[in-house]
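Novice: Quick paste from TrEMBL:
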- B:12-31: transmembrane segment (TRANSMEM)
- B:51-73: transmembrane segment (TRANSMEM)
- B:94-116: transmembrane segment (TRANSMEM)
- B:136-158: transmembrane segment (TRANSMEM)
- B:188-210: transmembrane segment (TRANSMEM)
- B:216-233: transmembrane segment (TRANSMEM)
- B:240-260: transmembrane segment (TRANSMEM)
- B:266-285: transmembrane segment (TRANSMEM)
Amino acid sequence: MRVSAIGCTAVTASLLVALAACGGREAAAPSTAASGSGSGECQGQQTTGITDTSIKLGGIYPLSGPASAYGDIPKGIKAYFDYINAEKNGIGGRKVEFVVRDDGYQPPKAVEEARRLVEQEQVFALFQTLGTPSTTATWDYTNQQKVPQVFVATGASKWGSDTAHPWTIGWQPNYISEARVYAQYLKQERPDAKVAVLYQNDDFGKDLLGGFKKAIEGSKITVAAEQSYEVSDPSVDPQMRNLAGSKADVLLNITTPKFGSQALAADAKNTSWNPLHIVNNVAASITVLKPVGFPNVQGVVSSTYYKDPNDPKWKDDPEMMLYYAKMKQYAPDADPTVPYHTFGWAVASSFHKAMEAAKCPTREGLRDAMRALQNVQVDMLLPGVTLNTAADDGFPIESMQLMKFQGERWELFGDVIDTRKEFGPLTN
Amino acid sequence: MAGFLQEIVEGLGAGAIYASLALALVLIYQFTGIVNFAQGELAMFSAYIAWQFMAAGLPFWLALVLTLAVSFVGGMLIERVVIRPVEGAPELTVVIVTVGLFIFVNAAAGWIWSFLIKDFPNPFPGGAIEAGGLSLGYSTLGIMAVVGVVMGLLYLLFQHTKVGLGMRAVASNPSSARLVGIRVGWTLALGWGLAATVGAVSGILVAPLLFLEPNMMGGVLIYAFAAATLGGFDSPVGAVVGGLVVGVAETLAGAYVGFIGSDLKVGVPLVIILFILLLRPQGLFGRAAVERA
């Protein structure tokens, strides 16, 4: 029954996408007619949702449903915008209005909300859609409408490598970059590593695994065994047993939170196989490790790119102090130690920088600014991690730092690894 | 060879989990004549209730007893409030209501306890018996023992008590049962209550292994359906045997049949359901329905 229900959703999803694609062209006319256009060199460009004193953004997140933990991200974003509106006169004199919509992590709802935000709310840009499925469902629409879809919250590599959707861009390191970080680490630490891989059988898992295989080409590192699982599987224990049979000395754990916990627990339970356990960033949250028991996950390796609000290392960091103070002031109900809030803060200040860099205060201006970021410093990112894009580079963050779990939290180690420098640009 | 036997042992362990939920499915079918799609979600909800008791500081066994009691009452309440209005409606209507219940209970659990995973203490010790290269976890043994006991109790209930006889009568023909003096309403409520209790046992057995979260039982339910179909929807022994067979078949297919691997493993129970329905619709241990001409 479950299966057929999922099937129905998929069918509805594709129908809605088709409808959205058909309806798109007609809707474009009124939305541009209703608004003015730029002047001077910005003549003829779209200025929907932006005036000299305001800018209206729309975001789509799963505030309900199974992925609702991500619903904390817009709270961090709102706190940041409230803070700059009240204390910094907004972005270049424009106060930011941020409208948040709930898609429940369902692509058809994301399409509906995107249309509502663009056509009824008349937003200037979509600032973040969350999740690969929802973003994939909406990006044809936003690109037909020529609405910027800025810094989408998903690590799929297609947001940067695709050329048919210039209005959409990611932000966080894509899964291939992340895979490259682990490959680089193994090349240095375990040059002869035999790697066992557990991965989720979808775009996300294949993106990361494919990137990893490509990154170890030419080295002595080999993939000794790979096992996939479906999100509908009750448990990954059988897969972990098969991987243990390979006697590999490294385990690359490419999973989403629940399966991440199961794999970590299975690894801890099996005392006869003790590989170096690398868990991907998606499942590296403390909420994944805690149920397994901290003694069982000591020495597990992962990677990150923004500051962990729980790390005492950043206690006296000015940006972190500002974050704690302003979260308390503008989002008193939110728990600032939850990293999703920090993520929201970091991505909002990235938008601030990108918007400031735009030559024209227009949609076209923002689109061009998104792909011309040069060494942009965002203080909530790790020192050494900056935003860099170019006309042929749609990946803002491609650097990460490794971390190891020690005691009750992650500890950063080594230098920031710039995957673009080490491996060259990402091409399809 | 040791590897093969070990896979069988692991398969039995997985099968015992499926069997535990299949028992609840069989029980509710025996009482009410419908398959309850919400059974897995009710089990998950019960596991959350147990977790809540333990989070409040109660010891495991006390929490277990309280959870079983709450689940029993909860199951009866659901029958009274949700199922009673559609009693006597075609079976399909009732089944659709249970699907609605599935979605509702899942969402309610997420709303109350969030979708973040929670750890759940394992009532059984962590070690394993090692013999001849095989390792048999105490927790697997524990689950099998509990499933065996529940199966025995259900068998006694169905075959050797007046309640069991009454409920078989209700399931087979409610109007005739009412005419001979069986209180149909109470029997149905009792069925929902007992099934929820057996489901609670299943949820509490499963939670330490799969980690507690609202979608925990979704995958298990598919396998439990395969187990109940294979064994026969009216036989507790069949449900357990079915569960073990499904568990072993799935594990062996995943480990040894190259093209199935881990990718197609989830297809194994569906193939089993299809073939059993084609060849022997009443299941291995079930009784074929006989209609008087």
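Just so it is clear, glycine is given a Cβ too, placed from its N, Cα and C backbone atoms.
Just so you know, TrEMBL annotations are computer predictions that nobody has curated.
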Novice: Before we move on, state whether the transmembrane segment (B:266-285) and the transmembrane segment (B:216-233) share at least 3 Cβ pairs under 8 Å, counting only pairs 6 or more apart in sequence.
Specialist: yes
Novice: Take a look at B:12-31, B:136-158, B:188-210, B:216-233, B:240-260 and tell me which one has the most Cβ pairs under 8 Å to the transmembrane segment (B:51-73).
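Specialist: Comparing B:12-31, B:136-158, B:188-210, B:216-233, B:240-260 against the transmembrane segment (B:51-73), the winner is B:188-210.
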Novice: Looking only at residues six or more beyond either end of the transmembrane segment (B:136-158), which have a C-beta under 8 A from one in the stretch?
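Specialist: For the transmembrane segment (B:136-158), the nonlocal Cβ contacts are 9, 12-13, 16-17, 19-20, 23, 26-27, 30, 122-129, 164, 168, 194, 198, 201, 205, 208-209, 236-237, 239-240, 243.
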Novice: Report, as numbers and ranges, every residue of the chain located at least six residues beyond the transmembrane segment (B:240-260) whose Cβ falls under 8 Å of a Cβ in that stretch; write 'none' if there are none.
Specialist: 7-8, 10-20, 22-23, 147-148, 151, 223-224, 226-232, 267-269, 272, 283-285
Novice: Which sequence-distant residues neighbour the transmembrane segment (B:188-210)? Criterion: at least 6 residues beyond either end, Cβ under 8 Å.
Specialist: 17, 20-21, 23-25, 27-28, 30-32, 36, 39-40, 42-47, 49-51, 64, 67-68, 71-76, 78-80, 83, 87, 119-123, 139, 143, 146-147, 150, 154, 157, 163, 167, 170, 216-217, 220
